[in-house]
Structure formats: C-alpha cells, structure tokens
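Heads up: the structure comes next, in structure tokens.
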C-alpha cells in the first residue's frame, strides 16, 4: 500500500510538470505541443551531460536552455504559422516538426543513448516496511513546490490575469492593451521550462532516451485530457490520476501494460466527462 | 432518382441552360485520362527500375507507401479526421497476415484477405468511441490507442515476436510462381494493388462519396440536412482507410520479410503525416506527390548520414508555413493561375447580360419569372401530411427558451413564426429538427419525430435552412446542391465509392436536376464556382435549392431574408410564394412583416417562449399584445 502511494506519487511528480506545460500552452495558444516528449528527452540528456561535475549547475543550465528552446519553438514554429492563419492541426504539426529538430539535437550532442541524472541526495528512508530512495521523496516535494509556484504565478499575480485574458480572447485582450504576443511567448517559455523540469525528474528517477519521447508525449497529453485541458488544478489532478493508474497497473494488474490501462481510463473519461475529471465551473476558466 | 418535374418549354431567358455537351465531353476525356494514367505510370516505373536492384527496392517501397498514404488521405485529407491510429492499423495488417501464415500455415492470399478484414474492423472500432471528439482530442485519443495497442502487441510474443520481431516470413506465390520481396516480381504484385487503390480512390474522388466526405469535413450538419448520417459516413471513412492501411501492411511485411514493431512506430507515423500533408491532403494526387517527396527526403537523409529527424523537422516546419494544400495544392493553384491568365474571365463570359441586366430589369418581372420557374421545378410528392407540435419545451440550464408551445401546420400552407429577438423561434425550429433536446411531442402524421436525429427527419420529408446559411465552402455551388441528391438517393455508400453504373446514373440525374434548380434561381453562371467565394445572398439561395432537391413535404426557413439586399429579399419572397403555391408546407421565421403578410396563410407570434397569438396575418397584427411585444409598448 505504501509502495503504491510513494511510487504513484513519484510517477505523478514527474507527470505534473509535463501536464502543466501541455495545458498551459493549450490554454494560451490553443495548440497541443506534440514536441513535448522531445523536450523532456533533451532535458534528461542535457542535464546528465552538463551536470557531471556540479548537478546544480547542470539543472540550472538545462532549465535555462529549456526556456530558450521554448521561446525558439514559439518564434519558429508557432508565430509564422499563426500569421498565415494555419488551422490548429497545422500548428500541432509544427510543434511536432520542432520536436524532431530537438531530437536531432539530442542525438548529435548527447548521443541519444539512455541518460541518467545522478540523484541530488543519496541514501534511502524507510516508511514502515517500505524502503525508498530519498531522491524519490525529494522529487515529490519539488513537484509540489512547482505546483505552488505556478499557482502563485497564475492565480495571484497580474501576469496570471493577463495570461487568462489572452487565453480567453486574444483580440479582446489586445483591445484592453495586453500585449498578447509577449504573454504568449511567456507561456511558451514557462511551459518549456516545465517540460524540461519533468524530463530532469524522470532522468533522475529512471532514465530517458530518444525512444521514450513518444511515450512521454502520450503520458502528458493523456494526463492533461483526463484532468481537463482547462485548468491548473485539472492538470495536477490528471497527472496524479495518471500516475496512480500506471503504478497500480504495474503492481497489481500486469507489468508493462500501463499505456493500455491509461488508454482505457482516457476512453472512459472522454466518454463520461469529456471536459476532464477535474474541470468545474470557476476553475475551468482559469489558466 | 426522381424525374425532373419541369416544363422544358418554359421560357428561361435570364439563365440559358449550361453548355452541357462540351462540359460532359471534357469530364469524360479527363476522367478517362485519369483512369489510364495511374497504371501507365506504375508500368513505366517498373520498366525503368527493372535493371537496377536498388531502384526496384525503392519503387516497391514507394508503391506500398502510396497505398498507406492514400489510406490516410481518405480519412484525413477528404474526411478531415486526424486519425493517428492508422499507423497501428497498418501494423496490425502486417502482423495478422504473417501470424496466420506462420502459425496456421494459411497461404498468402487468404491471409491477405483476413488481415485486411481485421484492419478494417479495428479501424471501425477506433471510430466508434471517438465520435463527437474535436480534432485535437481525437488526435490524442487515437495516438494513445496506437501506443497502447503497440504495447499489447509487444507483450503478445507469438503474434509480434516481442521486441525482436518476426523472421522467416513465407514468400507469397502466384500460381506457383514465388514473389520475393525486393525483386521485380514483387514490385508487380505491389503495383497491382497500388493500381487497385488508385482506381478506388479515383472513383471516390469522382463520385458522390467525395462530396459526402468533404461535407463531413467541412460541415457535418449539412450532411444531416441532406439526410445522410454523419456518423455512418465517418465509419465509412474509417473502414475504407483501415482496409487500405491493412493492405499496405500486408504488402510491406512480405516486402521486408522481417518485421518488428519498431517499423510501425511513431517515426513511421511522422513520415506518413509528412507524406500526406506535404503531398496535399484532400487532393487526389496528393499521396503520389507526397510519397515521391518522402522518397527524395529519405535519400537525402541517407546521403547526409542519418539526419532523418533534421530533414523531416525542417520539412514539416517549412511546409506548415508555406503551403496550405501541399504540392498538389500548389500545382492546382498554378494551373488555375495559368488558365486564368490565358482566359481572363472564364466564368461569366458566356452570358454577361445575366447579373447586370437582372439588376437593371424590373424586379417585379424578375421575381415573377423566378416564381413561375420554381413552381414548375417543385414537385409535391408527399400529400396531405400534417405536423403537430404539442407542448414542446426547451430549457437551457435555468432559462426556458421554449415554453409549452403547441402549433401545427400541413402541406399546402405557409405559416409564419414571428416574434422579437430571443422569443425562441429558432430554438423551436431546432427542437423540431432534432438539433436541441426538447420535451413534449412532435408528430408527423402518426409518427413521433421528436428526438429522432436530423437526417431521419430529412428522409421523412422535412427540410430546413439555417439562420446563417450552411453550405460546404470547398464545394462548388453545383456540388452543394448535388449533395442533396447524393444524400436521399437510393444508391448507398458502397456503390457510390465504387462508382457503379447505378451510382453514375444517380449522379448524372442529380447533376441535371441541380443545374436546373440553379438555373431557375438565376445562378447557372456561378454553378462551378466554389461556395466560399460567393456572397451571402447566393448562399441562401443555394441552401434553398439544396432543400428543393430533397423534394420535401415541409420546408422550415429560418430567417431567409436576414442580411440580404432589397432585391435579394424580393427573390426570396418570390421563392417562398412559389413553394406555397405548390403542395409544400412552409414554416417561415422572419422579421420582415411585409414578407410575412404577403406570403403566409397563418401566423404564430412567439414571445418569451410562448405563443401569444395565432391567426391570419391581418388579424394577428391588429392585436395589442402583438404590437407591444414587437414595439415594447406597454399593453
């Protein structure tokens, strides 16, 4: 039982940043980022390679690189297509194209082999009869911290309100003097930073390689849809549900069937509550 | 198909019949050319490649990729469904055929048939739970399905060989002759199926099926409005593309002779998307161009040492920004541009007098002529029907938009439904046609029709127009009207897809009738222009023409005069009067009191979702209640 909770929470902790990232960009730009998995893989490989001497420097550099790449993705893939009034599917494809470029970068710079980020704290703790690494607990804590920071940023500051305005109605926000491009750019930067954080978490608990990019992409998309693409808390809820479903499947049903069980949950959610499990009036309208 | 209830001798000065003869000739020659071009190219490719093993290999791979891309082009390009699970359908086709051969010793040909059937069923199974999802959610759901199924397959070792894959795939034989993948003999096998695929797609392109699929993509409600279930059309698109994808999978497996699940992974999907979109989604030749482009790009990335991601990534980014219709779309525009330059005004030139002189002429005379011509064109097939609306209510959340409304109308009368904005007129129409959920009862004759889907209503004889006209922007006006004939005709999707003789006859008859209707509405010279380039008033008339094509017993017109010029409105009024003169029942929702007064036999006045007055127009408009509802004067 404790094993289920801790493993489930740590799965969720990895997914939370990813799902937050996907749902943030969806809200503000109306695009689902199909390059999400490639961002994570890039981050894992980059952090492993840059942090060999000092893991703190590695993490910081990686997050910085993630932000820059997010801005680049927005400028290269999204803005020109939006100017040409390309439909949503086209924009989604453009993000996929950018993801492939990232994949190429990851391969040429870091080799594309499975990369592992060394744990930031060593040792393990026992909870009852269950023993787990401290790193796992640290990641859970950091993920929680990220949620709090994001909540503060989007719910308690003017930036957050501007972002909500942009996500509701671009033109109206512009009429009110909000520089929508700037805020959209910000959303992409923050979102990519989140993707990168998720990738680093994953690499520090397990490993990442270019082959898992599609899986990570699907996990983040499915988590976002389960929770409801609309809201911050929906995203967190979706990530937690997805994390526990996967862990439960692994531990109690059949190992290596977790995508299948996630697909079943996704189908059920889309059938019964297409707006997401955690979308309520009031929360749904926020970024 | 119905005969044309039209007096051929009736004078039709404003819009002479289209030049049918050379149009038909042209269509015939061009479509013959298309039927021949495909196999010809396949044969030439085979002959050219025959000397060189590498070329034979490339040609076989390209031909198989064409089949897969054509499959995706049907479901995404034509029908607009971004179904990412197609890549696993392709994989299931491959593994199923190999499984049957290796495990049960079934020969190649029956295995092929079974594998295609399995892929088709799988594709349809994906379609069912994804109906009603928007395109992004559908993409996510189908992608998740593809990965989940791949996970199941990789765990089923007997089927897929796990992560290692399946070796020793038996060679297909053809009358004792072995066809080895990579050899010229196998190219001919693949080319044969590519030709079949080409022919099928061509027939779909030339038939009613293309109009239906385009309508599914651009406006599913229009499909329902011509009596076709959008859901079933969707299933057809999934089934067709699933079958072709499965076929491509079988051919691919026997071409490679070694397969593993990695072959059917995300990377393959990306290449497929690129081929379909680069080539031109929704264009008949799109997959051909797309596959050629992909082969070139693959060769490029081989030459530049495995930089496939780079080439594809740049390819996608450039494509998304630069092209809307891919290579095929670009060529299409180029051809149009050249034709346009050679003949500056190809459309309006034969009868330049039409539009201008019509505007100059006495409007009364014009409308008179329209009335007469339409009255001839409209036939009343259903006689003495009556629609009884009893205590119908519609509530949105806490607001009751329609409250306990009862009214009735029969064939042969024109009734008006008026009331201030927000009175619930359109909602009442929507309730009758099954667009919103309502309580109460609506009976057509003895049948309860409340709650039945819109397309069934159309089939039982109730047509409608919409407040803002719903037409398919990517189809021409003629095709928009023909859609109605395709919809209610006797020939089903199967024969339509194959363009059987019956489907051909139905299409020709529908074309003629549609052309006549457009001519009657003085739109003949615009018949071959796309709906998206046409002004609002024209679209309204097209919507009415489409409905007349259905030979309805009742026609519900939702503010047909809104947003039109004075002249256009006169034309609409004339049309409505013409309908009333025949045996049709017309329900007219409008604000224009002169129109209502002149056209309607009876009027219902709605306010706050309730009927507040009913009777002949003159009586009703004299009532104080009605005046105050309209003018806001306290009664």
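Each residue, glycine too, has its Cβ placed from N, Cα and C.
Here TrEMBL flags B:1-21 as region 'Disordered'.
The transmembrane segment feature in TrEMBL is assigned to B:32-49 (among others).
Look at TrEMBL and you will find B:55-74 (among others) tagged as transmembrane segment.
Distant neighbours of the transmembrane segment (B:81-100): 68, 71-72, 75, 106, 108, 110-112, 114-116, 118-119, 122-123, 126-127, 135, 138-139, 142-143, 145-146, 149-150, 153, 158-160, 166, 169, 217, 234, 237-238, 241-242, 245-250, 252-254, 259, 261, 263-266, 268-269, 272; these residues of the same chain sit at least 6 beyond its ends, with a Cβ under 8 Å from one of its Cβ atoms. Marked as transmembrane segment by TrEMBL: B:81-100 (among others).
Annotated transmembrane segment per TrEMBL: B:106-129 (among others), in sequence order. Packing against the transmembrane segment (B:106-129) from elsewhere in the chain are residues 83, 85-86, 89-90, 92-94, 96-98, 100, 141-142, 145, 170-173, 234-235, 238-239, 241-243, 245-247, 249-250, 254: each is 6 or more residues past its ends and has a CB under 8 Å from a CB in it.
What TrEMBL lists as transmembrane segment is B:136-154 (among others).
Here the transmembrane segment (B:174-202) has long-range neighbours at 31, 34-35, 38-39, 42-43, 45-46, 49-50, 53, 56-57, 59-60, 63-64, 66-67, 70, 73-74, 240, 244, 247, 251, 254-257, 284, 287, 497-498, meaning same-chain residues at least 6 beyond its ends whose C-beta is under 8 angstroms from one of its own. The transmembrane segment annotation in TrEMBL covers B:174-202 (among others).
The annotation transmembrane segment is assigned in TrEMBL to B:235-257 (among others). Listed by sequence, the residues of this chain that lie at least six past the ends of the transmembrane segment (B:235-257) yet keep a Cβ under 8 A from its Cβ atoms are 60-61, 64-65, 67-68, 70-72, 74-75, 78-79, 81, 83, 86, 89-98, 108, 111-112, 115-124, 126-128, 167-169, 171-172, 179, 181-182, 186, 189-190, 193, 197, 200, 204, 209, 213, 216, 263-264, 493, 497.
Here TrEMBL flags B:269-297 (among others) as transmembrane segment.
Annotation source TrEMBL lists transmembrane segment at B:309-331 (among others).
If you look up TrEMBL, you'll see B:387-633 marked as domain 'ABC transporter'.
Over the domain 'ABC transporter' (B:387-633), the average per-residue pLDDT in this prediction is 86.
Under 8 Å from some Cβ of the transmembrane segment (B:136-154) lie the Cβ atoms of residues 81-85, 87-88, 91-92, 95, 126, 129-130, 160, 162-163, 261, 264-265, 269, all in the same chain and six or more residues away from its ends. Within the chain, the transmembrane segment (B:309-331) has long-range Cβ neighbours (under 8 A, six or more residues past its boundaries) at 270-271, 273-274, 277-286, 289-290, 293, 297, 300-301.
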